[in-house]
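Inspection log for the structure reproduced underneath, given as structure tokens.
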Ligand SMILES: [Cu+2]
């Protein structure tokens, strides 16, 4: 069992929390309010995040792209981001992408069948928010978060929400006739992250907003392996001590994200699934062919990742300047899918929005009798007019000697990327802006 080393009241106590206890956290009057510079008064566009300065994250990146969002903090799910909008240079107003985004569960079953944890709803993830050292948020601001039902009621305020920027290398490169004329841009990202301790583990929940509109969601597990689990049998663990000693029990981390899309400010979004089938060359043909087909997902779906399969969520109200419907593509990450539970059997679920459906397993809200407690139960044939995407990314953790000590961060996650949100690359330099659908030769 993973017993917490500083003997905090964890275990299953969190399950009994009232709905009121799930309410929004509040920041202290100091700290975050001061972190908001004079940026606020300038043309406040309609779609901008509508929350007070203390709960607003607004970042204009060096390449001209602005991301805005609101945040609040829940006692189980931890950080919740809301009203997330993207405004690349050249767009007159922010473009709403997500109404809300948050973790929906971290399910941790052990390979020996001894135990499984729901880290969010049953093991104190939200309450375990950690103070960050200044060096953990290089170049950024650490906001203070009031943690509802925190482990230390005397000190509910945790300096634990980092917002900062980071370079990610080339956003693009295109060379003309000589190396003297290279169109290149170094991309910049807004990063938003927290650290939450659960037992011996510390989870880094990172949201990365790129200046080209892509959003990466990742959870990194670090901290320490649980020494109470150094008792695995053959095929269930890995020796991390000297010789055949200290077999750390293998386990999975099945992380679920919940994304409530709101493209162009409307919850009425459509979902499409794309599949490609490669067939051999025709007689006399030079190469195999590939045919991509679109399937409209009009009813709730429990979907599986597959070679050359992807999904997108499409706006019903907004188009880009090429008259193409705006959409965001869901790009599944590498996943070791765990087939042990009904809710872990699929890589993605699209459900019709329902307020009480908040956690992928062990849902704490009351959806009525017979509604079921996990996301797989909520896929029951309803029409999909306001889709919520639940993405399941699994990691099978077979410990290795290098996991001591501390344990290196192991990451898992996925991305969403804009598809036809803008008519061209949002970072296109002005000199190339006329190359939309027609590239000039000899650039
Ligand atoms: Cu692990």
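Glycine too: its Cβ is placed from the backbone N, Cα and C atoms.
Remember, predicted model here, so these are calculated numbers, not experimental data.
Features of the protein shown, as given by TrEMBL:
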type	residues	note
SIGNAL	1-35	signal peptide
DOMAIN	53-426	domain 'Copper amine oxidase catalytic'
ACT_SITE	119	active site, proton acceptor
ACT_SITE	201	active site, schiff-base intermediate with substrate
MOD_RES	201	2',4',5'-topaquinone
- Other CB atoms within 10 A, centred on the residue listed as 'active site, proton acceptor': 27
- Determine the Cβ neighbour count for the residue listed as 'active site, schiff-base intermediate with substrate': the number of other Cβ atoms within 10 Å of its Cβ. 23
- Rounded Cα distance, in Å, between the residue listed as 'active site, proton acceptor' and residue 201 (active site, schiff-base intermediate with substrate) is 10
- Query: If you average pLDDT over the domain 'Copper amine oxidase catalytic' (53-426), what do you get?
  - Reply: 96
- Message: According to DSSP, does residue 119 (active site, proton acceptor) sit in a helix, a strand, or coil?
- Response: helix
